[in-house]
Amino acid sequence: MSEEPPVTSSWLTPDPTAWASGGGGPMDNSTSLGVFPPEDPLPPSELPLLVNPWDIVLCSSGTLIACENALVVLVIWQNPALRAPMFLLIGSLALADLLAGLGLVLHFTCAYLLRSDSAQLLTVGLVVASFSASVFSLLAITIDRYLSLYYALTYNSERTAAFTYTMLVLLWGLSLCLGLLPVTGVNCLAEEATCSVVRPLTKNNIAVLSVSFLLLFGLMLQLYVQICKIVMRHAHQIALQHHFLAATPHYVTTRKGVSTLAIILGTFAACWMPFTVYSLIADYTYPPLYTYATLVPATYNSVINPVIYAFRNQEIQKALWLVCCGCVPASVAHRARTPSDV
């Protein structure tokens with residue numbers, strides 16, 4: 001009698017040498033849902049449905065991401081006052097994270113119910129495109145914040161709006177191209193040896209994504225350094241004009257603003273950097289645990305994004321209160337904007 005087949009991942013390439021006890025020979029790599037012994041084969045419809053706990057975690061994360069960001073998209077979509085370039089970029093980020101969450105849920109569903117390579121390619125393409133759009137949107141928000149400080153007097157001009165729309169078209173167009181790569185044939189389904197740590201992406205494909213992320217992170221770091229310099233310079237000028245001391249509230253709020261920038265960049269790096277580095281040095285032969293241990297935190301960035309970029313914004317807070325209870329608390333309505341809101 002054959003033993004119960006071990007659980008494998010819906011995201012990873014199965015180990016070609018792995019067997020449950022009994023039987024031998026190479027495993028069929030056409031599925032990543034389990035390793036079944038060759039004795040007494042069952043038709044696909046009667047095979048036991050084995051669910052990897054890590055895939056449940058990813059699916060749960062995707063559900064939370066989708067619900068959280070759907071609220072942000074709904075608020076921005078329904079409120080005509082939230083049409084400034086900043087809110088368009090926050091909406092782009094929320095939409096990208098919403099699609100990423102849906103992609104994780106759909107991938108889980110297709111992997112364990114449809115068990116189709118075509119469906120897997122589509123869902124992985126959606127996840128790649130969505131997370132790429134999310135990272136590009138973060139870069140666009142960083143550029144927007146830098147320009148809003150550097151060109152403070154002329155920021156709210158038609159030229160700024162046109163530049164924002166151009167950024168949105170470029171970031172979504174590039175993200176769509178990256179997501180279409182696995183669907184259009186750049187995948188490892190035909191040759192498992194070319195697989196990366198995430199099936200069906202090839203090692204070259206994920207290397208391009210990882211290097212692109214490192215370049216984007218470097219650019220964001222440079223922009224945030226410039227933002228900090230501008231904020232500190234403005235704070236120093238105001239302090240001189242009003243004869244403020246270092247311990248005054250304005251100095252405290254300015255330091256808080258710089259700390260907020262550090263938290264934004266640190267959170268982004270903490271979520272994505274482990275998976276980025278790991279995917280560059282590892283391949284499909286590495287233990288699945290390592291892949292999941294770095295991939296799951298990367299998805300958490302899409303959980304944190306609404307908290308950092310949307311729910312902390314005063315205008316979005318007002319819109320959320322109106323949607324939820326039909327009123328705006330006085331503490332929210334009259335809160336002054338501080339450097340910590342950058």
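The backbone N, Cα and C atoms fix where each Cβ goes, and this holds for glycine too.
Feature annotation (TrEMBL): of 1-24, 25-48, the stretch labelled region 'Disordered' is 1-24.
The stretch with the most CB contacts under 8 Å to the transmembrane segment (54-77), chosen from 120-141, 206-225, 289-311, is 289-311. Through the fold, the transmembrane segment (258-277) approaches residues 135, 138, 210, 213-214, 217, 220-221, 224, 227-228, 231-232, 293-295, 297-298, 300-301, 304, 308, 339-342 of its own chain, all at least 6 residues removed from its boundaries and within a Cβ separation under 8 Å. If you count C-beta pairs under 8 angstroms between the transmembrane segment (289-311) and each of 120-141, 162-186, 206-225, the highest count goes to 120-141. Beyond the transmembrane segment (206-225), the same-chain residues lying 6 or more positions past its ends with a Cβ under 8 Å from any Cβ of the stretch are 128, 132, 135-136, 138-139, 142-143, 145-146, 178, 196-198, 261, 264-265, 268-269, 272-273, 276-277, 279-280. Note on the transmembrane segment (162-186): residues 85, 88-89, 92, 96, 121-122, 124-130, 132-133, 136-137, 139-140, 143-144, 147, 200-202, 205, 209 of its chain, located 6 or more positions outside it, place their CB under 8 angstroms from a CB of the stretch.
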